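Novice: Submitted below is the structure of interest, expressed as C-alpha cells.
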Amino acid sequence: MEDTTETTETTDTTAVSRLVPLAPAPARAPSMDAVNGSFDSELTTARRFNCQSCVRKKIKCNRAVPTCASCSKAKLHCVYQSRPPRKRKRSRGEEDVYERLAQYERILHDHNLLQAAAASTPSGRDTETSAISTRAPTPVLPDAQTHTKAGKVLLSTDGRSRYIDNVLLLDAGEGDLCELPESEQEDYNHDETSPDESTPTGLLGALAAHTISGAIIGNTQSLTNLHPTYEQAAKLWQAYVKNVEPLCKILHVPTVAKMFDTVSKQPAAVSKNDECLMFVIYYFAVFSMSDDECLHEFNYPRAQLLSRYQTTVIQALVNASWLKTTAMPVLQAYTLFLIALRTQIDSHTFWILTGIAVRLAQRMGLHRDGESLGLPPFEVQMRRRLFWQLLPLDSYAGQTSGTGISISPSSWDTKQPLNINDDQIFPGMTQPPCEQRGASEMIFCLSRMELSNFYIRTGVKLKEHGDTIQFRDAEDIERLIDEVEDLIETKFLRYCDILNPLHFLTTGIVRSAIDAVRLRARMPLLKQQTITDAQRRRLCALAEKVLDTNSTIFSNPSTQNFRWQMQAFFLWDALLCILRNIAEVGFYSPSELAAAWSKVANVYANHDELVKARRTLYVTIAKVTLKAWLANPPRDSSPQPAFITALLTQHEPKGINQQQNSVLSDDKAADGASLFDEFFDNMNGTDLDINNAFNLDSSSDWLFWDQICRGTSLS
C-alpha cells in the first residue's frame, strides 16, 4: 500500500538559474553538478508517485523532478499530483455504536421522545468532519404528494396502521416496523413483579390513585365478568346509537353493530381492541341518559353506572396497551371517552390526556389524508371522521386549560369526511363513495367542521409573532361571516327538516354559533365611549337571539337525548353582553329589565353547572351575575330567583354581602359594571384572535375574555 504522505522535494537548478520551488516544501541543497553549472548532468530526486501523463498512458514513470524521462522525451508538461487520502475504514466497534444509536433513535421516535432536529443519525453521513452530525428536519409542505414521499402508512391485515416520517426508519425496511402479534405482546408486556410488589407505592401510588393516571401504570386484568348481560348491552347500544352517534360519527354503525351483537353474547371471545369499544359504548350510553332513565332501564342510579363503566373503560385501555397502540378501535374508544370526560375532570388533566390522543393519531398518520397515502376508501373516510373529532377536542382542551396550544393548521392536511350515510361505505370497498347532496347522517358533524375550518378556509392571515390568527379589520370579519353562513345554509341547513330532532339541533346550534361570531366581532364596541344607544341595542338583540335559541333547544322534548352535548356547548358572549347592559342602570326599561333577567334565569336553569361546578370560568360568571344583580335587580317585588340565592350562598364568604349592598348609590351602580370593563381593556374593534382551529364545542373558544377572566382575582 502506497504511503499517501507527501515528502519534501528538491529543485535542481543550473549555476546561473534561480531556485524555483515546485511544491510547498523547503528546498534542499543543490547538487555539485548544479553548482558547477552542468545542466545536462542534472541529478533528479524521485517522487513517490507517478506523474499524471504516465498515469493516463499507463506506462512506467521514473518519477524524476521536475520532469520525468517519459515527459521529457515526449516534450510534455510533467505534472505531479498527489492522490486524495483514502477514507479510513470504520472498525467493527464503531459500526456497532452507530447501529445501537439508530436502534435507540427508533425507540425514542416510537414513543415521541425524539425531537425533529435530532431525528437523524450519524450512521449514514458522508463526511468525517465531525464525530456526530445531524440533518436539518424536512419542512412540512402542504402538497399531498410531498407528504406521500416524506412518509407512508403501513397497514397490517388486522387493520392496524403505523405512520412513518423518518428516513432512518423507512430505510430500515417495512418488515421491521410492523406491530408484534397480540400473542407476542402479551408476553412482552407481562408484569414480572410478584403479587406483593404489584401495588405501586410513593409517587406511582399517588398517580395510580387517580383513575385516569392509573391507566398509564396499571396492570392487565380480565374484564369478562364485568360485561353487562346481553339484554342490558342491547339497551346500551340502542341508547348510544340514538343519543351519541349522530353527534360524533366516529364509528361505522353497521360494522360495529355486527361485532357488538356477537361479542355481547360471548364476552370471553372479544379481542382487547374491541373490548375498549364495547365498554366506552356502555359508558357513553349511560352518560347520555338521565338518572330516571337509568333507574327505569337498569335499576341502578346513573352515578353508580358511570363509576362502574368508567373504571372498566380505563382497564380496557390498559389491557390494550393504549399508549403504544396503532389500532383504530382503541383510538376511537379513547376519543369517545375524552368527549364524555371533557366537562367532568380537571381541565389541565384533560389537556394532557387529549395530547396523548393527538400523539397517537399522529403516530397512526391520521394527520395525513388517506387518499394521498393510497389507503382504501373505507379507511380514508373513517380516519377523516376520527381526526376531525380530535381537532375541536384538542382546541377545547387547550383553551380551557389556559395553554391555548392546539394542533397547528400547517401540520396536517386531512380533508373533511364526505357527506354520506354509513350504508354508502363498507370495509373492503375499492371505489370511493359518491357524496350526496342534501342532509345525511353526517349533517351535524359536517356543519361543525365547516365552522371549525372557518378561519383556515377563508384566507385569514397569521400574526407576525405567534400562531394566533388575526383578521385585518371589522369589515373583513363581517364579510367572512356572511360567506361561511351562506355556505352552511346552502350545503346543509336548507335541507333540514325541523321535525327531525337532529336537524332541529343542527339548525339551532349552527345559526346560534354564527350569531355568536358576529356578536364577538362587535362586542369590543361596549368598551368604546362613543358607542351609541342604537348600537348597544343591536348588540343586545343579537345576544338575546343567541340565548333564546339555546333555551328553545333545551325546552324541545325531541332534543332531550342530546342534552349531554348542550352542556358542553354554550355561547357565553351572549350572557356577558346581557349582564353588561343590565349593570348599566337606566339602559333597560322596567319591563325590558324583567325580560332580560328572565333570560338569564333560563340560562341558569338549563346549565346547573354554573352553580354547582367550581371551575374558574363558572366562578367568574357567577361573580359577574351577582355584580349585575346587586347593581340593578328587577323593579317588581317578585321573590329572589333560586339561582341568585344559590350564588349568594356560595360567594357570600368571599366578600359579597347582599344586606350590605341592598341599597346602591349611582356611584356603586357604576361600580357594578366596572368588572365588565376589565374584560375589554385589551380589546379593540378591529382584531379577532382565535387560537388555531375554531372550536364549536368550546365555550372558551367563543369566549374571548376567558383568558382575562383567569387573570382576575376570584376572591
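Cβ coordinates are placed from backbone N, Cα and C, and glycine is handled just like the others.
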Novice: Looking at the ranges 119-144, 171-196, which is given as region 'Disordered' in Swiss-Prot?
Specialist: 119-144
Novice: Quick check on the annotations: Swiss-Prot lists DNA-binding region for one of 51-78, 247-274, 471-498, 583-610. Which range is it?
Specialist: 51-78
Novice: So what's the mean pLDDT when you look at the DNA-binding region (51-78)?
Specialist: 86
